[in-house]
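Annotated features, as they stand in TrEMBL:
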BINDING   Ala175, Asp291, Thr295  Mg(2+) binding site
Amino acid sequence: MRQYLFVPLLLIALTVLVGCDRGTITEPVRLSGSTMGTSYSVIVYAPASERLRIEIGVQRQLARVVDTMSTYEPRSDISLFNQAPVDTWVSVSADVATVVAAALDVAEKSRGAFEPTILPLVNIWGFGPLDRPEEVPTEVELAQAMDLLGWEAVEVRMDPPALRKTAPRELDLSAIAKGYGADVVAEYLRSLGYNSFLVELGGDMRISGAKPDGSPWRVGIETPEEGIARSAYRVLEFFDDAALVTSGDYRNYFEVDGVRYSHTIDPRTGYPVRHNMVSVSVMAENAMLADAWATALVSVGPEQARVLADTYGLSIYLIERVAGEFVEYMTGEFTRLMSAGE
């Protein structure tokens with residue numbers, strides 16, 4: 001279930017613009033860097049003189065997520081929880097409690113297709129913090145790892161924030177933490193008074209308002225095709241606030257003895273997914289939820305993804321490969337946005 005995301009192609013025309021709600025001449029400040037094993041980019045309409053302040057603040061927000069949620073950090077809240085004995089409340093940050101509560105909610109609604117306790121499977125497939133090559137685990141290893149899965153054994157308390165497990169469990173929040181990272185950066189920019197920006201973190205995106213001149217943000221969903229130059233399969237125009245996550249693993253896989261294995265693991269079987277859905281995009285109230293749902297939908301495949309979207313009113317856009325051709329399916333906001341662009 002671990003999520004490896006491609007970054008959607010961003011089609012953003014940048015010009016120097018005059019006028020914003022802070023009453024000063026603004027131009028787009030562009031920032032980029034690396035975090036959480038991927039890249040991030042921020043475009044915010046703000047005075048150039050504010051660039052350094054914004055950059056330092058963005059880096060601090062992202063570091064806050066990494067320092068508390070990364071399984072690669074031995075003293076992170078999540079690592080300490082994973083090491084803790086059963087039936088012990090472990091104090092965590094409010095951020096971690098918020099993300100774990102959301103993860104458990106999506107896990108329940110998706111009937112385990114989103115599984116935040118997937119770390120044992122991630123490790124034996126070689127995708128996690130343990131130093132192991134990507135290889136096919138044995139049936140015994142898979143069975144042992146599967147015995148350690150189960151979100152139902154994790155409890156979260158919000159005040160004071162803490163986690164507890166009623167059975168041996170290890171959390172891996174990588175399929176939801178990047179979305180939360182995009183959210184906290186967006187909230188930070190808003191706290192500074194900026195309301196026209198785009199934040200993208202490993203394919204997880206937050207958009208705020210239109211550009212100061214009233215024109216939209218133009219975001220391209222990448223053509224889900226391996227071995228070709230990156231290009232936009234669909235282009236969406238955003239005039240309002242939005243959270244968008246696009247997930248696809250056609251560029252992320254490994255091969256053993258000529259067999260191709262996806263980097264997305266289905267926690268219900270223990271094996272990488274094998275279906276014809278090559279890309280799924282989700283819009284939600286925040287990037288954290290969109291991130292988690294995108295992972296769940298990739299895990300279940302196109303047919304069950306449609307059922308989940310209908311059951312919970314999800315806005316999704318999925319692309320399947322059928323007889324060598326791409327077939328689209330969309331609901332909710334995607335239907336409106338794509339109809340407006342035609």
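Glycine is no exception: its Cβ is also placed from the backbone N, Cα and C atoms.
Cβ neighbour count for Thr295 (Mg(2+) binding site): 33 (other Cβ atoms within 10 Å of its Cβ, all protein chains included). In three-state terms derived from DSSP, Asp291 (Mg(2+) binding site) belongs to a helical segment. The Cβ neighbour count for Asp291 (Mg(2+) binding site), using a 10 Å radius and every protein chain shown, is 37.
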